[in-house]
Every structure is written in structure tokens, then in C-alpha cells.
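Below is one structure; the comments refer to it alone.
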Amino acid sequence: MQNRTFTADAAPGDEVTVAGWVHEVRDLGGIAFLIVRDKSGKIQIKLEEDSMDDELVETGLDVARESVISVSGSVKEEPRAPTDVEILPESIEVLAESDTELPLDPSGKVDAELSTRLDNRTLDLRKGEVKAVFEIRSEILRSVRAAFRDLGCTEINTPKIVATGTEGGTELFPITYFGEEAFMNQSPQLFKQLMVGSGLERVFEIGPIFRAEEHNTPRHLNEATSIDFESAFVDHTEAMDACEHVVKSAYEGVAANCESALETLGLTEEFEVPDGELPRLTYEEAIERINATGELDEQLVWGDDLPTEGERALGDDVGSHYFITDWPSEIKPFYIKDHDDDEQLSTGFDMMHPRMELVSGGQREHRYEHLVAGFEQQGLDPDQFEYYTKMFKYGMPPHAGWGLGGERLVMTMLGLENIREAVLFPRDRQRLSP
Ligand code: ATP
Ligand code: AMO
């Protein structure tokens, strides 16, 4: 495989070896064409019976679609070839034969159901438009990491096997840990907070979260990727600024570095980087605006969580990414701080895409007594969280942060209908393999 040339780099006059998958075989009788596909694109290989070695032509004609071959030869200009060049082969080596019966058609000519695609991701990602989603996902993660670096964050990794949940007891996956009950972590929440009180001060983590969600929906996964930020010495408004920076950086990175993937997805025209300061509505304004749309059968009142149809009506009304701030304390978790002058009102916020929630965050309760009281109010046993609460006795600075759903960011950015399309091997209620 030494000196392999990507098909996109093969220029007229070059002697090259390209390797890839047989995308198409067209035998016109006397002359035949193989289209070879690799990660960079496709190239035509011309086979001519009269002028080429019989064995070479036979090898080329016998090879099944989706087999892996290596072709050495000279590159010629050919205006009738799909990429204006073709290879006149001197040798063709079959590296891996494919069965002729394929569970899905990587050329995309025959549509496949999502479940068939997920069962055969290797073949599915041979399609340009599926591969493009994951190239963009990779760029999003790269840009997000760079944005966290701009903000002076240190990347951390925290345990995924834990003793307690944080985001509501019903959504935990229990496991057995050397005879003891343990859980898959729902959020790095408590660990990232413990690290803002350490010498690191400002941290981020990109890692899996596990939630035994009750419902099967197009926007929930049972294993998702959480992009988490936490910083000492900032309040919730500064945490929102950081959130804006990170989300915008993801869009900017994709706009700058994923031109061809966006083109493959037909998004070149409509791709827009969120611009200007994102609107920040209070929860109270949000419910008033939802009620004013008349889209809900029942009017929302203070204290209600926002139903999906309400989020959608408001998203249509606002028309861009936006924040909802100042949520009622009673519907936010124990670690979110209330406003100093009104304990019914929390510093919790959500960042919304017009289609759905992307981020939750807030300023944290860093005062030991208030924190312990908050546990009790939510019916949680503070003793179980002692490893966490005790660090609040040794100098825990004021701090704030948020968690962004990685797949939701990919999904909303690319207009994907189902969040499963943004994960290679999704975990949902019906899917544990592959
Ligand atoms: P040529 O004299 O260039 O080999 P041709 O026009 O005499 O081509 P054939 O050789 O019989 O015709 O080719 C059959 C078909 O394949 C034609 O429709 C021709 O346009 C097309 N064709 C020939 N060579 C190429 C090529 N290098 N790339 C793409 N299509 C080709
Ligand atoms: P929350 O529970 O709102 O907050 O989660 C944060 C973000 O993670 C994404 N998300 C999911 N994505 C796909 N499938 C799921 N099942 C799923 N659950 C959550 C969403 C959501 O907005 N500890 C807090 C964050 C914080 O305050 O820092 C938390 O986990 O995009």
C-alpha cells in the first residue's frame, strides 16, 4: 500500500497506485470501465480488450461491486470520464472480494430503511451523504475543542461508572459493580463542579452520558455525547456567553472546513452561522409568547415545564437560536443556584434551537448549607453525595456551567430528521447491537 495516491490527487501524466472500492462496473463490450471509490472521491479505470493484457482485463471484469482493489497505471486526461481523468491500468490486484448480494446499496440508487442502515453502518458510510454527516461531526468536535481552548479551559475525563445519579432517579441504568449496585453516569455534573474547586478552575469534557429515557423519540438517545463546560468565578450570564461562543465556533468551523461535505448534503445555500447576540428571553416571557401563539390547547402557567409543541411554537416565533433564562427554581435541579433576591427564581438557563433544546446550564449553588438543604428539598439523601458536598467546605468558588447535547448540535445544524443519523452506532430501546 506504499505510495498509494488518493483518487482526487491523480493528475494527468502521473504513474499512480490507487486503492479503494469498486463502485461500478460498466462493460460495454470490447471496452469496459471500473469506477473506483476511495475517501477522496472516484476515478475511472479503462479496460480495453484489444490492447490490454487478457488476465488484467479479466480480473477487472470479474470483480464484484464493493470489492477492494488496488490499481496501478498511468493517468490520462479524458473529458468523457466523470472526473475528466482516467487510469490506463498496468496491474489490478483484488485485495478483498465482496459478495454480490449486498444488504444495502452503497451507490444510493436503492433507498434503505434507517434500521437496515444502522445494522450495516460500514456499507452505509460508503455513501457520500452519510459519510458527510460524520465528517461534519468530527469538525464540530474539533472546533468545539478549539473554542474551549480560546476560553482557557482544561479538558478533563470523569468516570462513567458511578454510585449516584444527578439528573433524576428514573433515568438511571443500573449495573453490578463487584457485587455492589452502581450506575452508568447521566452527566459529569458533580465531577466537573469538583474540578472548578481544584487548581484547574475552568474545565470541559466531551464524553458519553447514559440515560434510560422512557420514550423512544427522534431526539433522545440512551447513550449520547455530552459537551460540558464548567468555570469558577463566572455567573450564569457569562456561562451563556461561553455557550454562544462554543456553538457559533462549531458552525464557523463547519462553514470554513466542510465545504464539500455541505455540498454533498445540499446545504451550501442554506447553511447559516448564527449571527449577532442570541436573544435571551426569561421563562416568564417564553410562556407568554407561547400562549400568544395559540398553538397549545391549554395555556401554560408559571411552574409548567415547556411541552414539545410549546418549544416548537416559540422556536418558530423567535426564528433563531435563543436562550430561556430565569426558570422557576422548583423545576431545576438541586445544584442550580437561585437568584439572591428571589428564591422562587433560578439562574438556570436553556439554549434552544428553533426545533429543540440544545443546552442546559446555570450558576451553581456553591454555599455548603444551601447545597445540603437543596438535596433534602429534592428528596435526595445528602449522605450519598458526601464525596461531593464535603468539598464545598474547603473553598468552593462561585461557579457556573452547562451541558450541550453533541448529537442534538449535529442534528439541528444539518436538519437531520432523526438523532440516530448523527451517531454511528446508536443505543435506543430497541438497539443494543451493533
Ligand atoms: P473511443 O474511440 O474513444 O474508444 P468510441 O466513441 O469509439 O470511443 P467505444 O469505444 O465503442 O466508442 O465506446 C462506447 C461508449 O463508451 C461510447 O458511448 C463512448 O462515448 C464511451 N466512451 C469511450 N471511451 C470513454 C472514456 N474513456 N470515458 C467515458 N466514456 C467513454
Ligand atoms: P440536561 O439533562 O438538560 O442537563 O442535558 C444537557 C443536554 O444534553 C442533551 N441530552 C440528550 N441528548 C440526546 N439524548 C438524550 N437522552 C439526552 N439527554 C440530554 C440535550 C440537553 O440539553 N447537568 C446538566 C447540564 C449542566 O447544568 O451543566 C444536564 O445534564 O441537548
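Placement of Cβ uses the backbone N, Cα and C atoms for every residue, glycine included.
Caution: TrEMBL annotation is automatic and unverified by curators.
Copied over from TrEMBL, here are the features:
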SITE      P82  site 'Important for tRNA non-discrimination'
DOMAIN    134-434  domain 'Aminoacyl-transfer RNA synthetases class-II family profile'
BINDING   E167, R211, S360, R364  L-aspartate binding site
REGION    189-192  region 'Aspartate'
BINDING   R211, A212, E213, R219, H220, L221, E357, G405, G406, E407, R408  ATP binding site
BINDING   E357, S360  Mg(2+) 2 binding site
BINDING   E357  Mg(2+) 3 binding site
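A simple Cβ count within 10 Å picks out one of the binding-site residues R211, H220, R364, R408 as the most packed, and that one is R364.
Checking the binding-site residues R211, R364, G406 against ligand 2 with a 6 Å cutoff on the Cβ atom leaves R211, in sequence order. R211 (L-aspartate binding site) sits 9 Å from H220 (ATP binding site), taking the C-alpha atoms as the reference points.
Across the region 'Aspartate' (189-192), the model assigns an average pLDDT of 97. Each residue contributes its Cα atom, and for E357 (ATP binding site) and E167 (L-aspartate binding site) those atoms are 16 Å apart.
Here the Cα atom of R408 (ATP binding site) is found 18 Å from that of E167 (L-aspartate binding site). For P82 (site 'Important for tRNA non-discrimination'), the spatially nearest entry among the binding-site residues E167, E213, S360, G406 is G406, judged by CA separation.
With respect to E167 (L-aspartate binding site), the closest of these binding-site residues in Cα terms is E213, chosen from E213, H220, G406. For the recorded positions given as P82, G406, the lowest number of other CB atoms within 10 Å of the residue's CB is seen at P82. Summarised by DSSP class, the composition of the region 'Aspartate' (189-192) is 4 helix, 0 strand, 0 coil. Geometry remark: S360 (L-aspartate binding site) versus E213 (ATP binding site), CA distance 17 Å. When secondary structure is read from DSSP and collapsed to three states, S360 (L-aspartate binding site) falls in the strand class.
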